[in-house]
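Trainee: What follows is a structure written as structure tokens; I'll ask about it next.
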Amino acid sequence: MLDSFDQYVVDRLDRLLRFATAMTCDPHLAQDVVQEVLLRAQRKWSHIGQLQARDSYVRRMIINEYLSWRRRRAARAVSHSTLDALGTPTADHATGYAERDAMRGRIATLPRKQRAALVLRYYEDRTDAEIADLLGCSAGTVRSHISRALSTLRAAHQHHVSEAYS
Amino acid sequence: MTEDRTEQLIRDVFADQAARAVDGREVLDTLRGKPRRRYGLVLATAAVVVVIAAVATFVIPEVFRRSAPPAADQPQQNTVQPTSVLVGGLDAEGRTDTLALAQVHEDGAVSLVSLPRDSWVHLPEGPPLRISQVRKFFDTDKLLDVVRDLTGVQPEHYAFVDMAAFADLADAVGGVRVCLNAPAEDPYAGVDLPAGEQVVTGDAALGFVRQRHGLPNGDFDRVKRAQVFLQGVVAKLGDADLTELVDAVAGRLQTDPGLDLLGLAGQLAAAPSLHVGTIPITDGAHEVPGAGSVVAVDPAQVTEYVGGIKGTPPVDGVPCVN
């Protein structure tokens, strides 16, 4: 007989890991982040377990953990761990692989809040209001994060494409 | 609203990335076995060290003797050469999942001090981090520096072994004798073994070492199994195909170019006593904002402990396990 926390973890762990992996671009960082958050959630489960929106609560914890994860280290670690992580392409022989690969590299260098907002929009299909709630900011700020991220990525994408075909 | 090519690419990238998520079992194990986890890691470190020591002690001199009998004019190495070797077990990502400082002392005694993988260490520059990450984020030299600053001992050498080497060891020695208190069954680890004494090989051996589900004491039992497994390996070394045994470990052992395994083997074989311990911790569940729960350590305390490790009693015994 599983208790409420165990049941939550069994039901949600895989989704949480996938979400965190999409956000961090690093499966092992994602694992560390999710693990730390769940250990903390476990201790506070008498409170969290009562919440209607407990899944949102846990996701908010995961996002915050990621946003604050060794802030200074992360900036430098991009060159090591993230690029290492990026070096493992998924099996995909469709055309446009190079394009996708370049995009992956670009996303990895975006500011974390922008990246979190993008994941919530394009992986989780959340609305501006939901993203604002999860990121703890206004819907206007969410829109600005996403539009800035998109313009950075579009510019880079144009550059990549024009370089490839020039 | 139609999406442009950039947005489609973003979706594809996130879907690809999400698909790379790790299996959740390790997280589940951690959540379920938390209180015993850190102790378990200590034992796992000891187990890795046993592999290295067993190979260094038994296998290499044996091969050496067979392939090239020592010449009469070769100087006898009877004098003790104090040294220190940082030994670790590497996970698939190159993190030092287990780490220990091995020392040969002036009187020949050998000591092993485990450094928990979540030990929170400070670098001269940059933010602190878990000791298991140092080698991955920087390099082995940085890890050696960190260990020196923490323990007061500058490791002269290092040896890291791929944890996966455990698997091939069983076959190389033609099966390992183990004893189970109860039948073991775990489809995840591919284990289905009866209770009592038995000889395990290949996948069964790997499953025996890997099983974590359904064990009364979780990770603690798993590490206990790794220990008795390795003791079983050592017991079978006499019958082993030595070439195969060396092959099982050879490609998975990384050492510094200056490490004389033969010389070290001699030291280990001649050791009058073996002292095993773990560095003192000031807080086993220290909360660091942004990094979660880590193991807090105090370099002054650690240095004092490492200096006195020879005062601790040695270990023995090969019991039936859960």
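The backbone N, Cα and C atoms fix where each Cβ goes, glycine too.
From TrEMBL, here are the annotated features:
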- A:13-74: domain 'RNA polymerase sigma-70 region 2' (DOMAIN)
- A:102-153: domain 'RNA polymerase sigma factor 70 region 4 type 2' (DOMAIN)
Trainee: Looking only at the domain 'RNA polymerase sigma factor 70 region 4 type 2' (A:102-153), how are its residues distributed among DSSP helix, strand and coil?
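Mentor: Counts, helix then strand then coil: 41 helix, 0 strand, 11 coil.
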Trainee: Where does the mean pLDDT land for the domain 'RNA polymerase sigma factor 70 region 4 type 2' (A:102-153)?
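Mentor: So the average pLDDT across the domain 'RNA polymerase sigma factor 70 region 4 type 2' (A:102-153) works out to 92.
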Trainee: What is the number of residues in the domain 'RNA polymerase sigma-70 region 2' (A:13-74) that are helix, strand and coil, as DSSP sees it?
Mentor: 52 helix, 0 strand, 10 coil
